[in-house]
Amino acid sequence: MINPISFRPGPVTFWTTLIYLALLIPIVIINEEPPAAPKTAEPFKGVNLTEAWLDLTTITRAYHPYNSKFNEEVRRYLLEKVESILEENGATWVFDDQMAAAAKDGKSAAVTVFDDNVSNSTFVMGKSNGTTFTRTESINNAAYFEGTNILVYIRGKEDDDGDWWEADYVHGMRRNAKGLTLVNAHYDSVSTGFGATDDGMGVVTCLQVLKYFTTPGNQPQRGIVVMLNNGEEDWLYGARALGQHKLNPFIHTFLNVEGAGAGGRAIVFRATDREVMAAYARTSHPFGTVIASDAFGMGFISSGTDYSVLVDAYGQRGIDLAFFKPRARYHTNQDDTRHASKESLWHILSASIHTTKQLSGDTGNTFIGQRPDKAHGKVANGRPSNGVWFDLFGKSFVLFGLRGMFAWSLTLLIATPLILVGITWLLRNLDKDYFFTSTVKTKEHPEYEAVPIGGWKGFFRWAMMVSIFYFSFWMIMRGANFVRPSALHRGYANLWLFVFGWIVLVAVTALEDRRRIAAGYIFVFLESAIFLSCLISFVELLALPRKSAYALQVQEDYDGHDHSGYQGYRDSTDGLSSGARAESSASAGSPSSPTVAQEPSKPTAPAGTTNGLSTAPSVAAHSSQPQPAPATPTPGRSTSAPIPSTTPRDEDESEDDDDEATERTPLVGGNGTNDRGRTTFATTYRRSITALVHGARKMEEDGEPYEHEQDWSGHLPSWAWFFQFLLLGPFMIILAAQTGLMLTDAVYQTGSDGSKLFTPYLMIFFFTLLLILPLTPFIHRVTHHIPVFLLVVFIVTLTYNLIAFPFSANNRYKAFFGQYIDVATGENKVCYTGIEEYVRPIIAELPSASGRDVTCGKSLRRGSTIATCCFDGSAVPPKLGSEDLDGLPQDNYADIITVNATRSHKKGDSSRTTARIEITADNTKSCFLQFKKPVSALTIESGSGWDDRFGQYPEDGVGLVRLWHREFDKTWVVNAEWKGSETRKGDDENDGTVICMWSDANTPGTIPALDEALQFVPSWAAVTKFSEGLVEGRKAFKIV
């Protein structure tokens, strides 16, 4: 009966395939399908999934960007919903402007609602190349934004009473020292998407969090702030406005609920530290890895969420929980409830409630105390520690400290090589170090030929296979095993893995210590498993005989073979004289005779011959020892020199053989007078040690070597490989497969956004390599069926991928839309940005582009592979004003933007020029102000001062200011100042351009170019916004 886990092709193929399939199939299913939603509407007290879904359908009926009418409707609905929830739960609540009246009653309201129409923020934003219509060299940007956030404070059991957040509550005392937990989502969408997952699900999750914690019996230990912010989609404006709110200094921790995809599972995008992840770790269906968090930290992922503002500007500690796929629907009209699911909603909702409960329930010192960086202006929320985390099958969560992993990594780097060196020393002392041993000599017969061990076979084989996958591994490894079979192949593969893993671990350990990068945890686990597997390969050598004993056995087998061969030949030569039989025996190559095949006999017979034939030596000393039958030499094995003779008889014969050969000397021995005694050349061929090594196969009956591997390998335990594979395989397959699938899903459709196309392919290669790596020590034992099947799969899929069109109705290509108008001249352009190869066919389908020239140029705001293609848009003029034109197209935009710019000087300082610029635009909340010369100082009337948490005012000035009002048709007043010599009237050095944005496309006919695109573009294409405005109108101004 075959051992079911023996190291033979059948068991190896069966178990490796079974384990791979048993792990990969559920991983793929878990990656693609969110966990099932509960069948009941109220899965637990205080949560109603049906209600949440209804709210989602209500707020996603239309596009609702900040600069739209429906955005204001959504805000009113959310305020009404907040009031409805609080009334339904019987909670005592007030608006913040009613706190004084409530305080007279001597009772603190359980909930306070902040309808924030006051907070605004002015800040620096970094650099850009201007706008699409006003491209320039890189200039500094600034922004002024008026917030319309909704904040709901839920008082905790341990919170102070009253309106403790007011500045004059208790002077000189830290109020509500335990801090608050923020749950945040944004209720605006992009102008081309309905925002079901970005961020409608986050909004209704916040409403359910409010419902849960205001339900009787669910009051949190520490206070919770539920924030529904507005204006995230453009530059995270809502979170920036939070910085001006009176509750912000008391927020220690947060959960940001976001959407960067359009469904599926919600992943932990990133987190600040181990302690906040401990709050998430015990959710029912955790999903995420620290690799994603480190990818953000190292700049590999540039997508921004409110998390960036909360952490970098305010110093809060928290988690970014977000949807991440499919990117093809992200920011498009397919981000709607039709393409979302209750399962996705339940996944993010259940995780949010659990995490918030844990964060607000921490009443210790975890999130309070002095900051390690002692940063001014940031909340004092304790000392965070770096963590390592990842999920397993979306069901359990692994979380531990980075310092612990660093210690673990350092131990592996130092201890594991020393342990292997120690094992090697022990094996050497036991004479069982078969690794790196090619031959061995016996001490009993040092003059004998060295016996081949074959210990180097397989050492150089694995290194060349690092960069190829299953079939290539199998094909070359199996071929190498066929040509030069080696029982040490598995051990050397483990050794190579250990060496390469150790080198990688050096880099991983350095990153852990220097950069606090935890993403290398996979390599720490991998090297640990490789070390244990390698240790098994070394320890199993203890089952082998000593090399000297093996060599001695081979020598004895060699001697016995010669004498038993002589006896067999003697029995088969009845027609010859005894002298002839003796000569035949001597010619067969006994230890006492020369190799006739290599040196012919002399014609003159030496003493002790009969009729010119040699007399056979005595074999009595060996005749009683059973010997194996001679084995055929294996192809590829070299033939060694003969063992030197040691008997006096040999010396005599050697002397006689020194006679010079003549033309009568036979080719194969004997003499010229009686050469008929020879039968065949084969009977006189002298066998070498290399060939006779195979005769040692039966020196022990407890094991047979596999096929043509070294004869001593039969002693190796045939089951050891199975435990090595269990160490190397399952856990690494889980880590590599689920992490690779998750990250590939997150980035494989980002090429159309301008990201590098090489990144997804590199990621696929890297994780595929990690996925196959555990199989490499054993792959040469896999039968041909699996590799050949995978080769066929590769050929078929490669052919399909090369022939098939890359996009479809379910996985659409995203083109970026924008329309640009010079309101003074009426110039009108419609532009699409993307990969030119796909953008041109999209434009070709548009009726308004028919017969018009399409010009393409490199896009300054996207990647190097992205182009912007434009054509005359006069056939599709937008209706930008608030006046009802009775369906007629708007043909005059001159008065839609009004700019008044007047010059002034500071008293007593003629070297500084100042200007007051008033801007009014019809039917919009957003205009940008771009200067020809950067301004050295800038203020917005009625605005707050500069918020230095987002950066100091740049020394080289600001060239572009983004202006946002919370109301339509409101005038901006900007005071600008330039340093330098006085300028005269008529100089244009300090002039500029106003660019205003229109983003409301809910009413058909408002932006006909977009309506046309949604109707006529191919089914494989989607249209999304390029920048803040779907339509940008510009107007130049001069300072007078």
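Every residue number used here counts from 1 along the chain in the order it is shown.
Glycine residues also receive a Cβ, built from the backbone N, Cα and C atoms like all the rest.
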Per Swiss-Prot, is L427 on the side of the membrane where H784 is? yes
Note: Swiss-Prot has D198, H331 binding Zn(2+) 2, and from E158, E166, E233 that site also includes E233
Among H186, H245, which residue shares the Zn(2+) 1 site with D198, E258 according to Swiss-Prot? H186
Taking 3+ C-beta pairs under 8 angstroms (sequence gap of 6 or more) as contact, is the transmembrane segment (406-426) in contact with the transmembrane segment (491-511)? yes
Coarse DSSP state, helix versus strand versus coil, of N117 (N-linked glycosylation site): coil
In Å, rounded, how far does the Cα of N900 (N-linked glycosylation site) sit from the Cα of H331 (Zn(2+) 2 binding site)? 36
Among the recorded positions listed as N48, Y330, H331, the Cα nearest the Cα of N120 (N-linked glycosylation site) belongs to H331
Around the recorded Zn(2+) 2 site, report the further residues of that chain (criterion: Cβ within 8 Å of the mean position of the Cβ atoms of D198, E233, H331; site residues excluded), sequence-ordered. S189, V190, G193, G195, D199, G259, Y330, D335
Most Cβ neighbours inside 10 Å, all chains, among the glycosylation sites N48, N117, N120, N900: N120
Just checking the recorded positions N48, N117, Y330: which sit within 10 A of D198 (Zn(2+) 2 binding site), CA to CA? Y330
Using Cβ atoms only, which residues of the same chain lie under 8 Å from E232 (active site, proton acceptor) while being at least 6 residues apart in sequence? H186, D188, D199, G238, A239, T305, D306
List, by number or range, the same-chain residues at least 6 past the topological domain 'Cytoplasmic' (1-9) whose CB is under 8 A from its CB atoms? 15, 490, 706, 718-722, 778, 781-783
Can we call the transmembrane segment (491-511) and the transmembrane segment (522-542) in contact, meaning three or more C-beta pairs below 8 angstroms at a sequence separation of 6+? yes
Tell me, what is the mean pLDDT of the topological domain 'Vacuolar' (807-1040)? 89
